[in-house]
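Here is what TrEMBL says about this protein:
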type: TRANSMEM; residues: B:18-37; note: transmembrane segment
type: TRANSMEM; residues: B:73-94; note: transmembrane segment
type: TRANSMEM; residues: B:114-144; note: transmembrane segment
type: TRANSMEM; residues: B:156-175; note: transmembrane segment
type: TRANSMEM; residues: B:202-224; note: transmembrane segment
type: TRANSMEM; residues: B:245-270; note: transmembrane segment
type: TRANSMEM; residues: B:282-301; note: transmembrane segment
type: TRANSMEM; residues: B:313-332; note: transmembrane segment
Amino acid sequence: MSTSRLGGNGLRLAYDRRVVAEDLTVAVPDRSFTVIIGPNACGKSTLLRALSRLLKPAAGAVLLDGADIHRLSARAVARTLGLLPQSPIAPDGIGVAELVARGRYPHQGLLRQWSPEDERIVAESMAATGVDDLGDRLVDELSGGQRQRVWLAMALAQQTPLLLLDEPTTYLDIAHQIEVLDLCARLHEEQGRTLVAVLHDLNHAARYATHLIAMRGGRVVAAGEPRRIVTAELVEEVFGLPCRVIDDPETGTPLVVPAARARAGTVAR
Amino acid sequence: MIVIRTPGRLSVRLHPRVLAVGAVCLLLTVGVGVLAVGHGEYPMSPADVLRTLTGGGSAAEEFIVTQLRLPRLVTGLAVGTALGLAGAVFQALVRNPLGSPDVLGFTQGAATGALVVVAVGGSSAALAGSAALGGVVTGLLIYLIAWRRGVHGYRLVLVGIGMSAILTGVNGYLMTRVPLMSASRAMLWLTGSLDGRGWSDAVPLLVALVVLVPALLACAPALRMTELGDDAASGLGVSVHRMRMLLLAGAVLLVALSAAAAGPVPFVALTAPHLARRLTRAPGVTLLPAALIGALIIVVADQVALRALPGQLPVGVVTGVIGGGYLVWLLATERRAGRL
């Protein structure tokens with residue numbers, strides 16, 4: 001079993017009295033590209049919120065490097081674990097370089113506002129995400145795909161070994177979705193960061209993840225390498241969708257093909 | 001942007017335009033302040049004023065400057081600084097350009113406190129204390145009602161508007177209970193005035209400013225991060241709820257104490273942050289420039305009220321007219337730009 005810096009034990013996740021998940025245990029393998037999938041309202045985004053310290057579990061604990069994440073200061077967590085929420089807001093009139101620079105916040109102080117290191121890391125992060133030539137542009141003026149790359153650059157500038165992404169491809173068209181996921185895969189491979197993402201598209205998840213967590217009704221149905229766990233039975237169990245699973249002709253990863261006339265409940269031949 | 005770095009790994013970021021706006025504001029405020037102290041039944045030239053302030057005036061001049069005119073000026077400066085800063089904090093907290101104590105009900109709460117004292121009859125000190133208490137209690141109520149796993153912008157605005165409507169009704173009722181003799185005192189207080197202010201009026205607010213200005217300014221970088229949304233700010237290491245509570249408490253205290261010192265001077269808290277943003281051309285949070293501009297607005301408005309118009313108007317009339325006019329102009333230009 002590989003080591004894990006981030007995980008949760010016996011989590012009960014709830015909003016006020018509405019319990020979303022009970023006795024949930026997950027581990028994010030180090031240096032993995034972990035993707036959490038599941039049908040709507042299965043608790044996948046809630047799990048990500050708990051892992052990123054946004055939601056305090058009603059029971060159990062999220063552990064970051066062996067310590068209860070809620071006993072650590074927000075700032076200490078932000079130096080180890082970065083988060084790109086589902087719909088961050090770009091302030092009116094902010095420039096690209098300025099937004100990326102905000103990723104340095106957890107490393108700055110009242111009298112350490114802009115070190116040469118900050119400057120170098122912001123430039124590197126913009127280069128890594130291919131937005132270095134957009135530095136002076138306003139974020140409002142960018143296309144959806146460009147904007148998402150800028151947000152990724154900001155998260156990278158935070159320089160955390162762990163990076164959590166909540167549905168990073170939502171609201172993007174298919175070309176930009178692939179562009180962002182390719183970028184994530186590259187960051188994972190080249191920079192050795194651990195990525196955790198919530199994705200809607202099962203085929204994207206199967207193609208890009210090195211570790212997949214499939215959830216339904218607040219519990220983990222299966223976890224592991226996509227090639228090992230993505231089967232027609234699993235998809236049926238998790239999503240209630242009859243389908244065939246074939247090899248992706250491009251990558252050889254599992255490709256889920258929904259059955260024709262899925263509602264009839266039989267797989268057409 | 002200029003960056004100053006020391007060999008000891010310290011670095012400070014400065015924005016030239018923000019510095020320039022701040023410096024011009026300060027200079028103008030000092031200039032208008034000197035003229036203001038010189039103005040009155042015993043006119044003094046700026047040179048006389050400066051000589052007296054540095055200890056070289058006659059006993060009479062000394063008395064007029066330090067006991068009669070300086071308290072009024074200092075009270076005005078303190079109120080303007082407090083309202084400008086509090087207004088900028090509120091606008092950033094609720095992420096809404098209309099988030100000001102006038103809209104959110106804090107001002108009305110202070111007025112309720114003051115009117116109760118006017119209705120039952122009480123000293124100026126009691127009136128000031130009760131006004132401050134009214135503002136703080138209103139702030140607390142709004143906070144408790146709006147709290148739901150933290151305080152969020154829209155809830156705060158809606159609860160504040162509701163509270164403001166209730167308190168306006170309560171204030172209307174109190175006005176009918178005020179003895180006829182005291183009605184003009186109540187009206188004058190409700191307009192916001194610096195007439196006859198002494199050191200005792202300024203001191204509580206000055207003490208609060210000494211503590212709260214550095215505290216609120218220290219929160220500015222974290223506040224700037226919340227512009228990205230609460231989740232993103234938390235991800236960057238900001239304790240969003242704790243910061244919001246601190247800022248709200250500080251801003252409410254400033255508003256309550258400035259109402260105690262000069263009544264609810266309208267529209268300064270709304271206008272100063274907008275002017276600050278426009279002049280500095282800095283997007284988002286601009287706390288210090290808003291505070292400086294707030295002080296300048298009040299001092300200028302008070303002079304306009306005293307000199308330009310007949311019959312020594314209270315300062316609140318001028319800020320109301322200027323602020324209201326500015327707001328209408330703002331809405332008109334924003335609409336033309338297609339943003340509203």
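The backbone N, Cα and C atoms fix where each Cβ goes, glycine too.
At the 8 Å Cβ threshold, with sequence separation of at least 6, the transmembrane segment (B:245-270) lacks contact with the transmembrane segment (B:18-37), having fewer than 3 such pairs. Same-chain residues lying 6+ beyond the ends of the transmembrane segment (B:114-144) with a Cβ under 8 Å from its Cβ atoms: 104-108, 151, 156, 159-160, 163, 167, 171, 174-175, 177-179, 182, 185-186, 189-190, 200-201, 204, 245, 248-249, 252-253, 255-257, 259-261, 263.
With Cβ pairs under 8 Å as the measure, the transmembrane segment (B:282-301) is packed most heavily against B:73-94, out of B:73-94, B:156-175, B:313-332. Under 8 Å from some Cβ of the transmembrane segment (B:202-224) lie the Cβ atoms of residues 71, 74-75, 78-79, 81-82, 85, 89, 92-93, 128, 132, 233, 238-239, 243, 246-247, 250-251, 253-254, 257-258, 260-261, 284-285, 287-288, 291, all in the same chain and six or more residues away from its ends.
Long-range contacts of the transmembrane segment (B:73-94) within its own chain (CB-CB distance under 8 A, at least 6 residues past either end) are made by residues 29, 33, 36-37, 100-101, 104, 153-154, 156-157, 194, 197, 199, 201-202, 205-206, 208-209, 212-213, 216, 223, 226-227, 244, 247-248, 250-252, 254-255, 257-258, 261-262, 265, 268-273, 276, 284-287, 290-299, 302, 315. Remote same-chain partners of the transmembrane segment (B:313-332), defined as residues 6 or more beyond its termini with a Cβ less than 8 Å from a stretch Cβ, comprise 76, 188, 191-195, 262-268, 270-271, 274-275, 297-298, 301-302, 304-306, 340.
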